[in-house]
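Asks: One structure is given below, represented as structure tokens, and several questions about it will come after.
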Amino acid sequence: MTLLIGLLGCGTVGSGVVELVERRADKIAQMTGLRPSIAKILVRNKEKARPSSIDPAKLTTDPKDILDDPKISLVIETIGGIEPAREFILAALKAGKHVVTANKDLIALHGPEILETAERNQVDILYEAAVGGAIPLVRPLKESLASSDITDLKGIINGTTNYILSKMTDAGLSFDEALSEAQRLGYAESDPSSDVDGLDAARKLAILSSIAFASIVELSDVRVQGIRNVTAADVRFADQLGYVIKLLAVGKDRDGRLSLEVRPSLVPKSHPLAHVSESYNALYVRGDAAGDLMFFGQGAGSMPTASAVVGDVIEALRNIQLGVSGHSQNLIGTQKTAEASKDLTPYYMRLSAEDQPGVFAEIAKVFGETEVSMSNVLQTPTRLGHADIVVVTHNASAQHMDITVKRLQELRHVSVIHTVMPVES
Ligand SMILES: NC(=O)c1ccc[n+]([C@@H]2O[C@H](COP(=O)([O-])OP(=O)(O)OC[C@H]3O[C@@H](n4cnc5c(N)ncnc54)[C@H](OP(=O)(O)O)[C@@H]3O)[C@@H](O)[C@H]2O)c1
């Protein structure tokens, strides 16, 4: 039996989905008993050049051709953004159609509304492709690891920033040079803010945390710091100290209190996350029974993302056949309190100060008085009479570090504190 699909959007991900559904249709029919067929494809511009796998006769610019067609049982959304994607998905769910989406913005901002609408209408809403591209994360957290209490998520979940930081580390490029190269190669958009300011990673962390920690997670619960302040000097100092700089998304559940942060961090060169380079993604998960796991793979791109989308389509078809549609999203629990992490961690700090006798002693005195002890110090002269001073601390609380920074800023001989980053152990 054939199951008709309506595809909303046919860009990078959508065109990959069309190709993969056609290539795998027979196999999927064998696996599920239903043969998927993409009947109609919604686009903005029908005249645009598209891959040869796209049948122009299936293109439409009228969403009603899909949303109001009772023969279409499943809708795949690959338009992106909030509106009109939200409106289309809600309409599809209310019309009793199952929905598969790759839209992290929408799930991060309107997840509860969309999941509740699917549940009310007893249809599936699946969104594996919204986080981590080809890497299965949503389903393992929802299903395979449901027997564990997940306490920690730590990962590199934005390929653009990882590419930029990799180029700064491996090729010695500045932030601006690495960003230009990422834009030239299509890894970064012309407006890169959502990636470099950490918002894309924050949205993905919100989605993953809501599943892993069984809590409603608001995007505003995630503290976000991007990579614009990471300089070539930080990358060099980190290297000398035995670290690489990565934009880490970190989620913790400590007895029902969540701390969620996206921030550039120093990762020891021996840590598995230090070896995740270029546009690859990885997520470290710690569960009380499962122990430590790491998921690694391609976090974006046409075929890797299509592979996750089509995986969800297969799940939806199986659910239809088993008569259990609409039951897979009932996992989100109540809202847990989100707060700054109370865990102690070492910190890296780089500051510029006048290079004269007594200045370092003043700086060291502030660290002593704020009870943050130093474990490593590097000093390099920069311009005439000034030096870059790098301090790596022993374990300290975020609160003590904030006080230390404030006190250092008050010192007459300290001109600027460039960077403060946690150091992963
Ligand atoms: N690209 C990736 O590697 C990747 C990875 C993971 C997740 N995602 C997610 O996948 C989704 C799609 O991303 P993408 O990179 O494939 O985007 P894209 O290349 O920009 O494609 C968007 C598609 O949606 C269509 N579209 C846009 N606005 C529309 C409207 N108002 N009405 C009808 N059609 C409209 C466009 O039509 P035209 O073709 O006529 O312009 C285009 O076909 C996003 O949610 C993104 O976050 C992408």
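Using the three backbone atoms N, Cα and C, a Cβ is placed for every residue, glycine included.
Keep in mind that TrEMBL annotations are predicted by a computer and have not been checked by a curator.
For Lys204, the entry in TrEMBL reads active site, proton donor. What TrEMBL lists as NADP(+) binding site is Leu8, Gly9, Cys10, Gly11, Thr12, Val13, Gly14, Ser15. Annotation source TrEMBL lists NADPH binding site at Lys104. TrEMBL lists Glu189 with the feature L-homoserine binding site. Among the features that TrEMBL reports, domain 'ACT' is placed at 348-422.
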Asks: Are any of the recorded positions Gly9, Cys10, Thr12, Val13, Lys204 near ligand 1, with a Cβ under 6 Å from it, and if so which?
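Replies: Among the recorded positions listed, those whose Cβ sits under 6 Å from ligand 1 are Gly9, Cys10, Thr12, Val13.
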Asks: Average the pLDDT scores across the domain 'ACT' (348-422) and report the rounded value.
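Replies: Mean model confidence (pLDDT) across the domain 'ACT' (348-422) is 95.
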Asks: When DSSP is mapped onto helix/strand/coil, what comes out for Gly9 (NADP(+) binding site)?
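Replies: Gly9 (NADP(+) binding site) sits in coil per DSSP, no helix or strand.
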Asks: By a 10 A CB contact count over all chains shown, which of the recorded positions listed here is most packed: Lys104, Lys204?
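Replies: When each Cβ's neighbours within 10 Å are tallied, Lys204 tops the list.
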Asks: Cβ within 8 angstroms of the Cβ centroid of Leu8, Gly9, Cys10, Gly11, Thr12, Val13, Gly14, Ser15: which residues besides those meet this for the NADP(+) site?
Replies: Leu7, Gly16, Val17, Thr78, Ile79
Asks: Count, for each of the binding-site residues Leu8, Gly9, Thr12, Val13, Glu189, the other C-beta atoms lying within 10 angstroms of its own C-beta, and report the residue with the smallest count.
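Replies: Each of the binding-site residues Leu8, Gly9, Thr12, Val13, Glu189 was scored; lowest Cβ tally within 10 Å is Glu189.
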Asks: Which binding-site residues from the set Gly11, Val13, Gly14, Glu189 come within 10 angstroms of the residue listed as 'NADPH binding site', judged by C-alpha positions?
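Replies: None, since no candidate lies within 10 Å.
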Asks: Give me the count of other Cβ atoms within 10 A of the Cβ belonging to Gly14 (NADP(+) binding site).
Replies: 28
Asks: Express the distance between the Cα positions of Leu8 (NADP(+) binding site) and Lys204 (active site, proton donor) as a whole number of Å.
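Replies: Spelling it out, the Cα of Leu8 (NADP(+) binding site) and the Cα of Lys204 (active site, proton donor) are 22 Å apart.
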Asks: By the DSSP assignment reduced to helix, strand and coil, which category contains Lys104 (NADPH binding site)?
Replies: helix
Asks: Measuring Cα to Cα, how many angstrom lie between the residue listed as 'L-homoserine binding site' and Thr12 (NADP(+) binding site)?
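Replies: Spelling it out, the Cα of the residue listed as 'L-homoserine binding site' and the Cα of Thr12 (NADP(+) binding site) are 13 Å apart.
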Asks: Using the alpha carbons only, what distance in Å do you get between Val13 (NADP(+) binding site) and Lys204 (active site, proton donor) once rounded?
Replies: 17
Asks: If you count other Cβ atoms within 10 Å of each one's Cβ, which of the binding-site residues Cys10, Gly11, Ser15 has the most?
Replies: Cys10
